[in-house]
Each structure stands twice: as C-alpha cells, then as structure tokens.
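**Student:** Annotation source TrEMBL lists domain 'Glutamine amidotransferase type-2' at D:13-262. As annotated by TrEMBL, active site, nucleophile applies to D:C13. Per TrEMBL, [4Fe-4S] cluster binding site is recorded for D:C281, D:C427, D:C495, D:C498. If you look up TrEMBL, you'll see D:S328, D:D390, D:D391 marked as Mg(2+) binding site.
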Number of protein chains: 4
Amino acid sequence: MSEFEESGIGEECGVFGCVAAGEWPTQLEVAKVLTLGLVALQHRGQESAGIVTSNGVNPPTYNTLKGMGLVNNAFPPENLLKLRYGNLGIGHTRYSTTGISELQNCQPFVVDTLHGKIAVAHNGELVNAAALRKKVMRHGVGLSTSSDSELITQLLALTPPMEELDAPDWVARIKNLMHETPTSYSLLVMYTDVIYAIRDPYGNRPLSIGRLVPISKLHTAGAGEGETEGWVVSSESCSFQSIGAKYYREVMPGEIVQISKHGVKSLSIVPRPEGDLPAFCIFEYVYFARPDSIFEGQMVYTVRQRCGRQLAVEAPTEADVVSTVPESATPAALGYAQQSGLPYVEVLCKNRYVGRTFIQPNTRLRQLGVAKKFGALTDNFTGKRVVLVDDSIVRGNTISPIIKLLKEAGATEVHIRVASPPIRFPCYMGINIPTKEELIANRPEFEDIAGYIGATSVRYLSVEGLLSAVQGGIPSLQGKDDRINTNASRRVGHCTACLTGKYPVELEW
Amino acid sequence: MSEFEESGIGEECGVFGCVAAGEWPTQLEVAKVLTLGLVALQHRGQESAGIVTSNGVNPPTYNTLKGMGLVNNAFPPENLLKLRYGNLGIGHTRYSTTGISELQNCQPFVVDTLHGKIAVAHNGELVNAAALRKKVMRHGVGLSTSSDSELITQLLALTPPMEELDAPDWVARIKNLMHETPTSYSLLVMYTDVIYAIRDPYGNRPLSIGRLVPISKLHTAGAGEGETEGWVVSSESCSFQSIGAKYYREVMPGEIVQISKHGVKSLSIVPRPEGDLPAFCIFEYVYFARPDSIFEGQMVYTVRQRCGRQLAVEAPTEADVVSTVPESATPAALGYAQQSGLPYVEVLCKNRYVGRTFIQPNTRLRQLGVAKKFGALTDNFTGKRVVLVDDSIVRGNTISPIIKLLKEAGATEVHIRVASPPIRFPCYMGINIPTKEELIANRPEFEDIAGYIGATSVRYLSVEGLLSAVQGGIPSLQGKDDRINTNASRRVGHCTACLTGKYPVELEW
Amino acid sequence: MSEFEESGIGEECGVFGCVAAGEWPTQLEVAKVLTLGLVALQHRGQESAGIVTSNGVNPPTYNTLKGMGLVNNAFPPENLLKLRYGNLGIGHTRYSTTGISELQNCQPFVVDTLHGKIAVAHNGELVNAAALRKKVMRHGVGLSTSSDSELITQLLALTPPMEELDAPDWVARIKNLMHETPTSYSLLVMYTDVIYAIRDPYGNRPLSIGRLVPISKLHTAGAGEGETEGWVVSSESCSFQSIGAKYYREVMPGEIVQISKHGVKSLSIVPRPEGDLPAFCIFEYVYFARPDSIFEGQMVYTVRQRCGRQLAVEAPTEADVVSTVPESATPAALGYAQQSGLPYVEVLCKNRYVGRTFIQPNTRLRQLGVAKKFGALTDNFTGKRVVLVDDSIVRGNTISPIIKLLKEAGATEVHIRVASPPIRFPCYMGINIPTKEELIANRPEFEDIAGYIGATSVRYLSVEGLLSAVQGGIPSLQGKDDRINTNASRRVGHCTACLTGKYPVELEW
Amino acid sequence: MSEFEESGIGEECGVFGCVAAGEWPTQLEVAKVLTLGLVALQHRGQESAGIVTSNGVNPPTYNTLKGMGLVNNAFPPENLLKLRYGNLGIGHTRYSTTGISELQNCQPFVVDTLHGKIAVAHNGELVNAAALRKKVMRHGVGLSTSSDSELITQLLALTPPMEELDAPDWVARIKNLMHETPTSYSLLVMYTDVIYAIRDPYGNRPLSIGRLVPISKLHTAGAGEGETEGWVVSSESCSFQSIGAKYYREVMPGEIVQISKHGVKSLSIVPRPEGDLPAFCIFEYVYFARPDSIFEGQMVYTVRQRCGRQLAVEAPTEADVVSTVPESATPAALGYAQQSGLPYVEVLCKNRYVGRTFIQPNTRLRQLGVAKKFGALTDNFTGKRVVLVDDSIVRGNTISPIIKLLKEAGATEVHIRVASPPIRFPCYMGINIPTKEELIANRPEFEDIAGYIGATSVRYLSVEGLLSAVQGGIPSLQGKDDRINTNASRRVGHCTACLTGKYPVELEW
C-alpha cells in the first residue's frame, strides 16, 4: 500500500539468473530471458538494473549492460544486441538504501581474478559489512564502491590466497565467505559456465529455482527432464510465469546450489549455529513480495488474506463497509471482509499516472497532498462507517490525508485496521526503514494514534497473529526433495526484528 | 480493462483550463494548476501535452509549452518557469488517432489574427472535417497540420471576414462555427483575458466546470463566492480534486460559457435540430472516464457497478467465484458479485512495471504473451468455476490468453461476462476503434465466440441493459441552475453508434 | 573571425534543394544529399534544421524531418529512414534572429492547399513583413508562427483566390508574391515534382545551382547532359563539392527557375524598378560565406584576399609581422602580408573544443575572457611590432582582450587593421546586427578607438576600397548563358546598407 | 593534421589538478578551474571526462563527477554544484585505446583504503601492466576494470601491507610503485589535502606546474608568493592561460612533487637505470600537444616550425607554392615556406561542422570521401605546382583523396612533404597506433608511395632531422631551480620507438 511507498521503505534488490540447458549455443536468448525476469522483479528495485552474460566457453567472454532507472529504460535495444551470444547470465535490479544513486554502484559486479572473471549479484545486506570492509582493506585492497557486492567479490577472490591453488575452488571460497558473514544475502555467483545460487544460513532473503520448459508443456504435469530448455533462479517465483518457467523449488537456508547446462545440483548446506531458527524476513509476506510469488510453499496473496482474517478476529469493528488502501492492502481487506461478514467496497481510485513531477509545489498544492494520487469514490461510502485496511503505518503521514479525504467526502466513521504490527526497530538486513525517531510507533503521538491521524479508531495485528497467519500455512517438507539434507524436518522461524527488536544474529558495532 | 488498452482503443484527448479570479496577478500559479489538471486527465491521452498561458492584459503575452509523452516528462522544470506570469491558460493532453505523432500536432493551437492571438484546445472529432478543410482551403488558406484544432482556429478567424469588424465578436464567430459543424467537440478558446468553454449541441464529449476555493473550505458546504480563487474547466471532474476545486456544474450540450476573472457566465445555447436527442458518448461511462468522474449527475463508478448488476440479471451463471480483469472491470465485477450473491475474489495480479520493452520477442516469448502482464493468484481459483467480468471484447486476442492462463492454473470453468454490448461499428466522433474487420463481433468467429477464445461460456450486456444502467440514475435537472434555458426539463439521450450503427447526425462523405 | 561570432552577428539561414534526374525512383537517396548539403551550409545557421522530401507522384507523399541544433544531431538515423523514398526535396538550416528558438519555427514550412501541399524554405527577411502579415490576417487567416516562411506560404495560397483556378498556376502566384515584396529572399518552393528556385529582384541573398554527375566525371570538363544524376540548388556553392555536384550557375536577381527531373528551366525574371541596381549583400563576401563559395563568378577567398591587399594600400604600417585573428580573417591577413611585404606569422592558436559551457563564471573566470579560446604563440611575436588583421570590429569587446593578451605576452606594438569599413546601421534584410547603440562605430569611444581597445593604431578599409575589391573581379556575363534575358549586360551593385545607411529599397514603417 | 585524426592515432589522456592556496575554504571554486583546465586538454581525449574534489579536512569528503563525451557535455550544471565545496581536486580526460568505451573506465579512479580514500588520474600506459595485474590478482585482489589506473590504485594500497603502518606513508608507496614499473606514466594522486604529481623516471609523458595569481598580475613579472591563489598541475601548459595561471615549471623525469595549500615541494627523484637517457615522447612535439604548450623550455609551435625548415633543407622542391593540410601541419608548412623562399598559400578550407554523421553512406557518398571535410580554394593553386606539407602519413588513405582533389581542381603537381619520419613500430607507452600491417611505411606500397597516393613526389623528414629540430632548441637547465638534484646537467633524450623500434626499456611479454 501507499504508506510504504511514501515512507521510502523498500527492498534492496532483486536477483535473477538463467542458464540455457543442453548444447550451446542455444536458441534461448538468455539476455532476453534475463531482461523479462528482471522486469517481473522490478517492484524490488527501480533505481538501476544490470545484466552480465557469459558465452560459457573457457576462457569466457562476459558482456555487461547496466543502466539507471527501470529495466525497460536501462537497456536500449542496440546495447542488448551485445549480449546476444550469452549462454548463461545473471541480472540485478537495485533499490538504493544509501542514497548514492550512481551507475558505478549498479550490479552485477564483475571482477577479473587470477583464474578469470566472476560476476556477483546480491540481495540483502551484510550485518558485519563494516568489519569485513576493514578486513579486506587491511589486506591492502582498495574498495571503489560502498556496495556489499564489491566486498563480496573481493572476499571471494582474497581468501584463501589465490597462489595456493592450481584452479580456484569457488565452492570452498563461497563456504569461507558464508562462515565470515552469517546474513543477509541471497547471492548469485557466475563463473565461466556455471551459476552458484546461495542463500545465507538464516534464509533471510528469498531465492527460488525454476525450470524453462517448452511453452506447450508449461502447464502440464509432465514435462520430462529431457524437455528442459534452461534453468532460472530468482528472488521471487512471480518472475517464472512471465518467462515460461515452472516453479522447481526454493534454495534452502544455507544452501549452495550449482546451476549449469547439466542441471541443478545441491552442493552443500552451511549450517546455522546450534539452536538458531531460520529467519526469513516476515515483511516479504507483509509487503515486499508480489502477491503471486510463492515462499515456503505458500502463496503470498493467501498469507496476506489470512492476515486480514486474523485482524478481523483480533480487532472486530461495528461498521458498514470494509475497504482497502489500493493496491497492496487489498488481499488483507478482502480477508477482513470475509471474516467479518461486512461488505467489501472500493472507496479510493488511484491515478496511475501520478509520478515524479517537476513542479515546485506552492502552499496551496502542498496542502492538497494525497489528492493528486487518489480519487474518492463517494457513492460507496457517503453516510457510512468505513473500515479501512492498510498494510502498515510507518510514519503516519500518508494515511492521515486519506482519512481526511474520506471524512470530508461523507464517511461518518473511519476505522483504521492495520494488517501487521507496528514497526519499531531498524533493519540491518537489507530493508530501508526510517530512523527510529521517524517511526510513528516510537513517537509520543502513538499514545493517541487515532487522534493523531484523525481516525475513529486504530488497531494493529499482533505479532502472534502475524506469525500464526504466516506459519499456519507452511506445508511440511516432502522427503522426495533433492536437497542434501532432507532427513531434518523443516524448522520454521521468521525474522521479526523490525517489530520485536529480536535480531537473528547478535549485532556487533 | 486490458482489452481496450491492447486493442489501441482510446480517447482522443483531454482539455483543461483555468482562470485566476479576483485581482491579477495572483498567487494561484495557473501553469501549475494546468499541469496538475492535465496529469489527472492523463488517461485520456499520453502522446503529447501542451499548455498556453496568457497574462490577461491587452495586448496579451502568451506563453506556450509543448512536449511529447506524459505531462510530467513533457514539461521540464526550466521551461515551466516561462509560464510563471500567466493569469489564465488552457491545456491539452493528446491521444493520437491518426498515427502521426509529432510535436506540431500537439495542442493547444495558437494563431495570430488581425485582432490578436487566440488559443484553442479541442476534444472530439469534427464529423464534417473534410468538407470544412476544403472550404477553408478554397478561401486560400494553407493548413499546416492535419488536426481539427488548426481547422477550428482558421474557421474562427475566417468567417465573417475580419475587415468588417472594429473588434472581433468571438462569440458570434463561435456560434458560426457551431452552425457549420454539429459534433463532436468540447472546446476551450482563450482570447486575451477570457476562456470560452463550448460543448457541441449533441454534448458528445464531456466538459465540466469547477471552482477553486481555499483548501480549508474545500469540503465544507459554504465557501462563498467571495472566496473563489479561480475557475477551472475540464474534460472530467476527476481533475478537480487533485487541484483543490469544487465541482460546479457541467457545460450543457450546445452551450457557450464564458469564464473570466469575474466569474462564469452562460452566453448562449446553440440548439440541436428539432427532435434530436443529446448524444453523450456512452463509452465514457463504459471505459474511458476515470471512475471518480461525474457525468450528468452520476458517478462513473456507480454506473459501471450498475452495469455489472444488470449483467448478473441478464446473464446469471452457475459458478463458484466472480472476478475481474484488473483494473477497469472491477466495479462491474463487484456489481455482478453483489447481484449474484457469488463471492468476489481476485484471480489476477498486474505487474505495473510492464511497459514498452525494446526486446524483439522470439517465438518463445511471443507465445508467453499476456504472462508478462498478469500473475495468476492460483490459490483463489484452483478447482473452481470462475465468472470473469470484463468491460468489453474488442478483438478477442487479449482475453484468450487470460482464459488459457486461468484454466492451465486450475480453473475448472471460465465464464466470460462482458459488461457492455459487442462493438460493431466505427466511431467518427473522436474514439479510435479498430476497423470493422478487426472487431471480433463482425467476424465469423463470433458465432462461436466461447470456442474461439476458449471460454466455457460468453455473454454480453444488452444495449437496453446498458442504457437502463446509464440512464436509470440520471437525476432530473434542478430549476435553480444558472444555465440560460432551465425551463426545459433535461432530455436524456446517449450516443451508442459503435454498438448500434445509429449515428447522432447523418454522415456525409 | 571571432568578433562576429562573439557579437552574435549572423546570417539568417541556408537553403538547399535537390531533384533526382531521369527515371524515378532513383538510387540517388535525395534525403542523404540534402543532409550533406545542409551540413556544408551549417555556418549559415546552427539553431535548427529541417528537410522535406516528396516522392514526386500525384498526389505526392511528403515526409518532413525537423530538429533543433546542428544537422548531424537534428536528424537521428531512425528518422532519416522515413525520407528514404524521396525523389526530390528541400532543406533549411536556421539561425534565429528573433530569439524565439522553437521547433515550430523550424523550416521548411509545409502547408496543405486546395491543390495539394507546398513546401517553402526561405533565406532572407521580407522588408515589408509587418504590412504583409496584416494583409493576410485581414483576409481572415490566422498565423501560427512569427516566421516569414509561413507568411510566404499563406501569401502563395491566398492570392489570387484558389477557387478561380482549375489547377494552381504557382508561377503566377510566385510572381504576385514577388511584386508584393521586393526583397530580401532566396526561396525554394517545392510542389509535387518540381522545385522553384527564386531570388528577389535585388538579388540580396545568394542562390546557386549545381549538377550532380557521376563521381568519376566530377572533375572532368565533359560530363554530358545525359550523365546528369540530379540537380541541386543551394545558398552557397561550397556545398556542391561535398555532395559531388558541379557548379552550374547562379540564379539571377529576380529570376524564377524551375528544377525538375527534366532539368533546369528559367521561367521568368521579375525586374527591379527602373534605375535600381542589384543589391547583393556585401557581407556575404566579407564574413558570412564559406571561403570556397563562388558568387558572381569569383571565389570568396580571393575577394577577401583582395580586401587585405587594398587595406595594405590604404593603411600601410611600420611593423615586423602580419597576423590574423583565426580563422576567418586569414585570407585578408595573407593579402595584407603579400601587398606589404611583411612576413606572415601566426600569433594565436584556437582551442577548437571551447564551446557552450555550463559553468557560471565567477569574477576570476570572467576576467579571463578570451583566454579560454585562444592560446598565445609567444615565440612568434615577442619583442615585435604586430599588424593584426581582422574582418570587422562590431562591439569592440572581443578584440580588446586579444590585444591585451598579445601585449602582455610581449608584443611591443599591436596595430589593428580591419578588412571592412565600420558597421554603423541596422540590417533589415536578414542579418542580425546589434542595435545602433551597441555598435562601436556609433559610440563616443570610436573617436579614440585605438585607445579604447588598447591598440597601438586602428585603421579600417574604406567603403570604396571594399567595393573595388569586390567589384574589381566580377567577370562580365557570357552570352552563352541559358537565362531568359541574356542580352542585358550584367549590371553590378551591392548592398552596403549597414556601412552607408543606403538601403536598396525605401523602408516603410 | 587530418591524417592522424582519420587514422585514429591518439593520445591516451590528459590530467589536471588544482589546490587552492592559503586559508580554506577559498573563493577559488576549484571545480570550475578543473573543468576549464580539462577543456584546454580536450585534444588529448574526447571520450570521457571526470573530476574528483576533496574538501581537504580529515576525514575528507570526496565528490566525483564523471561523464561520457566532451567535458562541456559530461558535466551538467546541476551536478557541478555537488563539487562546490572542494578545496583541491584532480581531473582527467580520456581517449580510449582499448575500444571499451564505458563510464566505469572513466577516471579519476577513487578507492577506499584502510587509511581513507585516494584518487588517481593517469596519463600513459604501464609497459608491464600484464605482469603487474597478475601480481595484484595473485594477492587475491579482483580487478573490476581493464584500466591501468585501477591497477595503480590497488598497487598503491597493497604494498607494503597496510597493517604494518600506523599511518600510510604514501610517498614510500609511490616510490615502491615507481620501482615496480619504469614507464609510462604522468600521475596525479590525491589524498585528503594533498596532490602528488609524479612523472615516470623516463619522463615519457609531460606534466607541468602552474601558479594561479590574481588576474591583474597574470602578465607582470612580479606576483610575489604571497599573492598565490592556488597551484595547478597539468599534462600541458596550454591550460594555464585559460585559467589564469603562470607557468611555474615542469615535473622532472622520476620526480615526486607534493602540492598542498602550503605550496609546491619536490620530495624525491627516482632515478633511471645507470646510462639510460630520458625518453620524452617525441610525438608530443610532432602532433599531440597543443602548439602553445611548452615542453623542456621550448614552445611546441616553434619546434614544429623548425621541423618544417629542416624538411625544406632535407627535401627541397621545385614548385610554385607551399601549403598545409589544415590545421595541425600549418607551423611546419610556414617553416618550409620560410626556409625555401616559396610563397605560402592556403589551398584547402575546412568545414568545421563536419562531425559524426548518422548517414549510412551509399556508393556515391563513399566515393566523395574527404570532400565533405575540405573545400578547395582553387584560385590559389590552379595551374601551379604545390608543395603540400603534412605532419605524417600513417595509413595513406587520407592524403590520397586530398591530392586527387587538388589535382582535379587544377594543381599541375602535388609534392607531399612530411614533417616527421615514417611510423613503423607500435607504441606501448600510451599512444594508439594502428597495427604494423596497417602502417603504410611497413607495406609494399611504400616502395612507390608517391604512386600509391597519387603524388608527384613524397619525402619524409629524417629521424636525425627531427631530433635536431627538437633538441636543438632545448635550453640548458638553470642552477637556481628548486628541484632536488640540480647539480646534474640536464641530459637530453627522446623516445623515438615508433620511428626506430628502439624502446626506452626492454619489453617483456
């Protein structure tokens, strides 16, 4: 919903990789698959985009394409031509958390090493990045960007020293890296003819694998292995449909998966410290992911709907209609309506052309605020008591003018129901959250939040309610899976640090 | 919904004007109001945009700003500065029907005449444009564009001959023009310090007036005349909210309204031929307008909801769930659900970042088609019988892959319910409709349309059903109105030419 | 030289046309010829450029391409493709005199008339434009630009009234136009399959015709008529070489020449009033034209060299070396050196990358002025007395820092010798000259111009000297010419209005 | 001249640095000085440009600005604002030798090290780059670009290991670097508040220091130290004039100079191996440098003129006139004319607007070749025997059409005199020379080069002649200099590797 958008809360990135199966060169046109895959991950980052392809021979030719802005603008057609001959490749779409928006921070990051070029695309944020930077620099390496991706490439190149090896054991190096930094990263590392897909031991960021099959077999049960046209790996499974891939499986927390033209192979699972649970970011469910993505065996849309239902149980309301702040809160609002039995209506319509405008607002225009963005569908709520469901209230300054708009247009009551608990703590694992002081839940106004934002009443979903909505639907792991260690029953856990202050690992400063 | 988008059906344009009230110069910053007003009309045309402001003194200084693309891109900030001192102005956002997409066709059109400059912004299409062009050219005038707007400006300048007058009687000239061409036009003509807002006698295109009041008074009943900060006039009232204007009234079919700093004055109503009904375009209700706009006293959203209800009455379905092709068909789908008692669910989510891509699709990508644009929310429909409500089926090639997507993802039946009648005839009044041969309703496949598009069943709303949904809610006209001729009770009529082939005026070729 | 550049003195425009000879379609690629032709005329205008091609059939298809800036930037390659099928076309490169730099003022101007489209490209300025605009507007025509070209197209369309004719007699219309406005114009009018090339009766602006021959025949005497690949017409003959055309002849003052695939035909010569001499702009020789162009049978470079020689006769100097302000004054400087016997050396080198910079100069940078542009070649003048030859001194603020630079770098004396007389009067025929008050020759400082600009001495060429340098070399007209009226011996005359205040026609206000 | 341009022979880069003197912050606006300085070095590289400024406090804030293309385009004004507060900075303008033209190769290169950020700008090419890359990578460092500058920054950071030091001894690190790579580099290294200016021990690339004084004192002998406003350091002294700096001195071969707000200090001179002479690139004199630059105490223009004189002695010609291929060969042509006593005339004029065009040439246009670029000034040479002086003949395909042009336009003989010896060998020190096979001097055609290019005769300057023209004018070093080791008399030597195959250092592969 809009509160996140307005507050500048955002995901750091999306990563996407593709390997053509079978004999090379293929007809797959990997660069096109990568581009479309990134378009489907665009909601995870709109600042810049990049792709790197390899022709897969030894020594390989890498081609890189990077640009600022949306994927469709960042890659002009004449430049895409350069990447024509790629047989595998990785891509990245970036959301800037640090505010330095420059082409040189654009990923994937490619470096030349003693044993050839590696390319890295990263989603997440290393919790101990500062210590690692110091370590690398103490070794005498200069770092040319502030991005974790460059740090990761240099760490991969650095330890153990290159000269000890005849050929690089990248998997050993990746394991070393994973021991040096516990979280948070979903990582794609491309080297010559193979992509390593890695999730940190806590599984903080998502990563899923898909299989490209003939379009005609896309929706049938049995496209045999022989019909595989290629493999893709993506931050979210929502990108599979748009490029004609079948969902295959998730990369497990701590797992290193090798993807090559010969198929998908699980190489290792780096374990968490004894007793630690996985810590998949719960806000991927609440807000970040596209609703048609699948995490842990469940569709994001359905989880959001369950949140809405749980909210209706926890915070019932005497009202006439239930509605949503479009568009992301809609599943929760429909869930609330179903559970409560109140009718669902639309009260706001969105102007999809409102974007960055060059106009310097004068006083008058500044007062109008949200009015440019939403139109009031007055017939649906005049004279009525409205339950308005939203994902979250971050700073409280977006929902406030919406309430004003509804009340002035004739709503008799506006009850705000928030389908997640209050955000109170910073995230150090890749989500850009306002400072503690800016979060409404940490401010004195929160005592009378309803009064502050002008609502008739305000209620939040509880942490327990959110966890039960998320964890209630996770299916148990099937034994037939091809991951290395399948005898362990799936243990469930999620990162709720921004809600509870309990971080998955101890933070050092 | 998407079928229109894909089919390239579109509105020609949106027009918007603003006059600052009271003493000039004012703090209103007319150019900013115009820009925001056009942003709110962006759905009516995305090809190019233009605004012209006048400082309103005699002789006036006009400043013009035009650009290709969306309003926010078309007007770079340094250029907006030029328009700073405008006290009134008109703007235009253009959808190209003819395919010639050039800056010189961008409106408003400004010409210098013997008595000074006039600026014209036009929404519609003159049914007798060809004859009028010939007439003007026979007079010896060369026409530098193919746009009706230039034709209108030259007609206004030409007759009666300029030399007969001491000062130009623009109102007489406008009446002459209206007698020469019956439809279709909603027109803004700016001359020095006044804007004339004109609707053709059939009222084919919409035009509404709003009043700028102090933001604090925006939603209170009584902002007195003395508190008027300015007047705006717009193709749709949806733009009023975003600039802080109160809805004032529509311009009537055939009416010439003068808007100046002194207020709004109805100058004349040019009548239709005896016996003719008004002919407001019924597709403004069905598809073109933003749902929060008000035409003929009723909100567009509500009319669409009524269409859905009527459709449920005319075409009931044995099914499990009702859903929509997002986003424009949602009110009709909700109406259908309400009337039928079936639960409303979402089955598709839209990737809002899919745009024009530079990728040349290969065979594989072409087969994927709609998959880039919509994700399937499978949990909501697997194993279920789905009623999918859409606005219209134009060519039939958009809905077909959506049905395939739903079926392959597990829907057991997909019943298409179309909330408008089949389109069979071309429009000559400003809407860009595919050729007769391309319209699915005129093709042999229409005999078995369900089979052709792969649906379990297909049903359309009847013309009578549509008319009753539209006309059933039009309130009777109040006597207190300030229009010239209020004793006539409002007579209701709508243009359904594209559905029935009955055009409001006889067409000459 | 730089003084003109800095002062903003400039030509209005360059025009260029091309017709492919023989059977159509041809391999000539007229659009490419036009583009290269305009590149060669770029010095006449850098603000915008445009070309219009016609396929030459009836009714014709015209394609237009316009853009801001230099020719090479204004026409992106994908747009040039549109013009592929042209068999004839005209182009224009524009220098803005009025300061309104907008795409809509870009030429050629194309209008649709009762009998089809005409396109007009114009170099010059109509002395009675204001009266003509009024006349056209009185007829009821609105004018959408302030350019003379639109005015000319409307005048051509307007009189006599179109309805009186079965087919348009464009030649009669052109003659009418020429009787309505005596000067200044060199004009290309394209209609369907023919280009009319016209010079005003005073011949104020140049216009030359060239013949495209096989490249192999380019420099041989005898490429027969049968080997003609096409015809070109251009403001200056310097463009012929770059597209492989042989110089054919000038269009005569008052002449209307028809150029078609069948060849070149002189249709008429509209005479001047009895007793009036031709008035070809003398500053085309002094500054505007490229030195390799040919006017009136003589090469511009040679005329400039003669000016330098004459200057050495009129204003001899006791000095050690002669030099130039690069680059345009070099022929005059070499002429001065030859005549005086003093050695020619270079004292300044030009930084060809200095262009429009975005840097806001601070005080320090502003003081540096000319230093960014010229480097001092100190070895060549330290301890010496320098004669520095320049084309003209307009405002006096460019030459002054150059003199300072030379003196500070070691020149013991700097004698300025100007190879043209002082400019004292405005031009109303297409040259952008500073206001009378800005011209140094009209200011009190001129009394002691040497002191004012810091020179040891300053001398100008006399008007008589300039005229003798220009007119002394004009060959007498050959009888074998194909122009209509060849029995008249060529009468010689030049416009020196900016030097003498004697305008070729009486000016009305 | 044009032969180099056409052949793509080019310098690698220009470097420029500036430190504001006295108390910080100053009014100097270092970013503007850097920008203007780079504009004056634009001839050394037009592909990309970059500047980095530091505010000079500890820890410093660095601001970086990079862009493709010419300096004036690469730095848009809004971005220049970011650099406002710099008190010192370095800049770079790049010519691509490798063909990979991307923003990420743009210099200066900035990296973060354990002790803070350093920025490096480099002109030259490390002869042992491949070995050094391997060494760095063996240490475990990944290199993200192919540029020597990144290599240099990593070498500076790497050895000796960072952890051994409390504070970085950059000077020791720079000396280490200089011992690892003998040539070719002129280097600027910025660290916090100081710029180190370094020339390799062979002095292969130029580097000069200038002093910013009050503009009023610019050309007077005595602007005392107290009046110093800042210090600049530049590849060429030609940039000093444009920013108001006085020439101070050259950086000596092997010297490390520290430039800070306290002034200029020579820290060390790293010696060459016993017996080796300096090896300043002789082609800086012949072609690359701007003629007003000063190297080794002599003005480039004067050296070129001496080359022309020497050429006239070595290769006298029976002819009527001497001329130049504009613009770079003009000093040599004037020298030839002076020595030979033949008159100097211009035979070609250059169209300065010819640039990169988007037109795909057809056969006709391709045959025209050079004609777009040069106009023939026929009056000056028709019927005459022409000596045409050029800088060099690289591939022979530029001069050939010029000769054809002159002959066809009437020259009876065209004698080519080349003011440098034939280029026969590749350069590994930063100059982009065609492959051996492409060089005309290595091809069979060279046997009859006159016949091949169509000239009446062709003669080159001898290597000895070139060396005497260059070395004959170098003044002996004055004892009063402030460099460390002034008792050594200046030893003279130049790199002539591309002419003789004798490289200054042994090349390992």
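Counting begins at 1 with the first residue displayed.
In case you wondered, yes, glycine gets a Cβ from its N, Cα and C as well.
Nobody curates TrEMBL annotations by hand; they come from automatic prediction.
I would like each feature placed in context: is it buried or exposed, what are its neighbours, and how far apart are things?
**Tutor:** Counted within 10 Å of its Cβ, the other Cβ atoms near D:C13 (active site, nucleophile) come to 29, all protein chains included.
Cβ neighbours of D:C495 ([4Fe-4S] cluster binding site) (same chain, under 8 Å, six or more residues apart in sequence): D:Y202, D:N204, D:A279, D:F280, D:C281, D:I282, D:M429, D:Y503, D:P504.
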**Student:** Spatially speaking, which of the binding-site residues D:S328, D:D391, D:C427, D:C498 is closest to D:C13 (active site, nucleophile)? Use C-alpha to C-alpha, please.
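**Tutor:** So, of the listed binding-site residues, the one sitting closest to D:C13 (active site, nucleophile) is D:C427.
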**Student:** Just to verify a number: CA distance, D:S328 (Mg(2+) binding site) to D:C498 ([4Fe-4S] cluster binding site), in angstrom, no decimals.
**Tutor:** 20
**Student:** For D:C498 ([4Fe-4S] cluster binding site), which residues of its chain lie six or more apart in sequence with Cβ-Cβ distance below 8 Å?
**Tutor:** D:F283, D:I423, D:R424, D:F425, D:P426, D:C427, D:I431, D:I433
**Student:** On average, what pLDDT score does this prediction assign to the domain 'Glutamine amidotransferase type-2' (D:13-262)?
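**Tutor:** Average per-residue pLDDT within the domain 'Glutamine amidotransferase type-2' (D:13-262): 88.
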**Student:** What is the total of other Cβ atoms whose distance to the Cβ of D:S328 (Mg(2+) binding site) is within 10 Å?
**Tutor:** 24
**Student:** Taking the Cβ of D:D390 (Mg(2+) binding site) as the centre, count every other Cβ atom within 10 Å, in any protein chain shown.
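**Tutor:** Excluding its own Cβ, the number within 10 Å is 24.
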**Student:** On a simple 10 Å Cβ count over all chains shown, which one of the binding-site residues D:C281, D:C427 is most densely packed?
**Tutor:** D:C281
**Student:** Across all the protein chains here, work out how many other Cβ atoms are within 10 Å of the Cβ of D:D391 (Mg(2+) binding site).
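**Tutor:** Counting Cβ neighbours of D:D391 (Mg(2+) binding site) within 10 Å gives 25.
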**Student:** Taking the centroid of the Cβ atoms of D:C281, D:C427, D:C495, D:C498 as the [4Fe-4S] cluster site, which other residues of that chain lie with their Cβ within 8 Å of it, listed in sequence order?
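**Tutor:** Same chain, not in D:C281, D:C427, D:C495, D:C498, Cβ within 8 Å: D:N204, D:I282, D:F283, D:M429, D:I431, D:T496, D:A497.
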